[in-house]
Amino acid sequence: MTRMTCTIKLFVLCHGLLQLSQLLCSAYFKSIITTIERRYGLSSYSAGSLSSLNEVSNSVLIVFVSYFGNQVHRPRLIGIGGLLMAVSATMLTLPHFLSQPYKYNSVLHNHRDLCNLHINVSDPSCDQEETRHLTENHYLWPLMASAQLLFGVGSVPIQPFGLSYIDDFAGPGNSALYIAILFSVSVFGPAVGYLLGSVVLQFYVDVDRIGLGAEQELHQGDPRWVGAWWMGLLITTGFLLVTSVPYFFFPRTMPAKHNVMRNKSDMDDKKLDRSLLDRLKLFPRMLSHLLLNPLFLMLVLAQCCFSSVIAGLSTFLNKFLEQQFSASTAYSSLLVGALNLPAVALGMLMGGVIMKRVGLTLKTIPRFSVLVLTASTLLCVPLFFMGCQTHNVTGVNHFQFGQQGSLCYTNCSCVRSAFNPVCGSDAVEYISPCHAGCTNFTKDLNNTYRVQLYTQCMCIPGNQSHAQPGPCPNSCPHFLVPAILVISLAALIASITHNPLYMMVLRSVASEEKSFAIGIQFLLMRLLAWLPAPALFGMAIDKSCIWWKQICGKNFSCGYYDNILLRNRYIGLQVSYKVMGIILLMILSWKAQRTQEYCLEKDHCDPI
């Protein structure tokens, strides 16, 4: 790549591909969150906190990096950031390679999951396997937390430097369209990330140790199944490496024939002569000027509300589909990647076209956004009623008592860590064959590595009492596709406002504050949305849990949820954020009536 070929159009292409790779990695990690929960026994709150931990390091650095953005080689720093993210993605795989093979409850491995009336393990001590499981979690957090923090450092220069670089050299009328194309290309990164998750999660987690197809007992619909979550992280590492290299060949500023903001660049060159001390002295003044700008502040706060919704959807939508409709992790990731995220990309592109064809102003953008987002919020209302009832699970929300008034499995000596769901012939689900009182089992004639039936189950009424492996069938699988379609349509409509609101940020501040304003914008969005929202949504999901898996007396991941509570809290939290954002935009619209009007991108421009 030579200096002559380094055009702004090529930069837009490269930046779109890097952001695609960055978001691919982030989205892929979110698509495997429920798998990591299951593998290492995390709560949704812990998993949500881990997924957003990269925002901490990003938030600490982004303001200062953005403030000194005019003094550095922006493309080169973007390339370095991409390489750091590649290292982070590799670090995230280390828990798999450092831990022992995955173990799960199975009567084929031992008979602890069967009812045994002759032994007493009512208060068992931690055995070697459970102790090992606890030990693994001690290094899970430091490793993954360090990797996430490093990912946050690497992502710092990507958007502030990329957006300001494009806006500086795009040409009159082209900035809005180029940024719309940039976001529309990059949003396919999350789609590819979720689709990648749907593919690799079909492979067993220890496929590198036991070989392809060697795991024959579990299938993907089994709640004990853990897919090869680590495999996709190695693939995303390759994408990040390849897309980071071209930035080291872009110039600090575009050649004169591409630089349509020559006067501005001359002013920026003069600013480069300022000492670091002078820049530091100006920092508090510029920061206070931005935070006291009511248009800028209310706009960013509204974006924080909508970003919180996106954070909750991207982190836990696949988990929501799994729990509500009993979809497998791979299938739910496929639905999110194939339907929801392409809808977001289409909405962003539509927003860019509207910005290109219609002369929007500081007065009309908030009004337009309020109407569009209100329609998106109303579409969420049917989701409160599109879901399944909670399964009847003995020992969780359904209790069967023996002749002496005690639970029928009281004398079975069931281990507390047992989780091997079975469906009884009475259509009631049981935590394990032991909790169903089953004392025997038969193997599948076609696959001797798989149980066909659990028999002689004294907790199940009837002469031929038996239980089948796996949870009971879902009562409303027909709601799955309509629900994801409604969610995707609401996301499409809401994302139409994405580009107009971003362009409004760029035009509501002075030219010399643009890079710094983007940094402040992303700082506030991280501190108020991307950092707390996943943990908040995870907390709401955990509050819907009605039975926790336990190891050595400690709660690990949730085994069963109250589906109605889960649906109302998860969807209700999204609607609440949207309503708050709409109210802020209404106030912003009223405030804009009393402010000087800025016309955004009215001039016609050539296609890219």
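The first residue you see is number 1, and the count goes up from there.
Every residue gets a Cβ built from N, Cα and C, even glycine.
According to TrEMBL, the protein carries these features:
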SIGNAL    1-16  signal peptide
TRANSMEM  77-98  transmembrane segment
TRANSMEM  139-163  transmembrane segment
TRANSMEM  175-196  transmembrane segment
TRANSMEM  228-250  transmembrane segment
TRANSMEM  290-314  transmembrane segment
TRANSMEM  334-355  transmembrane segment
TRANSMEM  367-387  transmembrane segment
DOMAIN    402-461  domain 'Kazal-like'
TRANSMEM  479-502  transmembrane segment
TRANSMEM  523-541  transmembrane segment
TRANSMEM  570-588  transmembrane segment
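Counting residues per DSSP class in helix, strand and coil order gives 3 helix, 19 strand, 38 coil for the domain 'Kazal-like' (402-461). Between the transmembrane segment (479-502) and the stretches 77-98, 175-196, 334-355, 367-387, 523-541, Cβ pairs under 8 Å are most numerous for 334-355. Ranked by the number of CB pairs under 8 Å to the transmembrane segment (570-588), the listed stretches 175-196, 228-250, 290-314, 523-541 are led by 290-314. Across the residues of the domain 'Kazal-like' (402-461), the predicted structure has a mean pLDDT of 84. Below 8 angstroms of C-beta separation, residues 15, 18-19, 22, 25-26, 40, 50-51, 53-59, 61-62, 65-66, 69, 74-75, 77-78, 80-85, 87-89, 91-92, 94-95, 98, 179, 182, 506, 515, 518-519, 522 of the same chain, each at least six residues beyond the ends of the transmembrane segment (139-163), sit close to that stretch.
With a threshold of 8 Å between CB atoms, the same-chain residues lying at least 6 positions outside the transmembrane segment (228-250) that come near it are 1-2, 6, 11, 14, 17-18, 20-22, 24-25, 28-29, 32, 35-36, 39, 75-76, 78-83, 85-86, 89-90, 92-93, 96-97, 193, 196-197, 199-201, 203-205, 207-208. Put simply, of 77-98, 290-314, 334-355, 523-541, the stretch with the most CB pairs closer than 8 A to the transmembrane segment (175-196) is 334-355.
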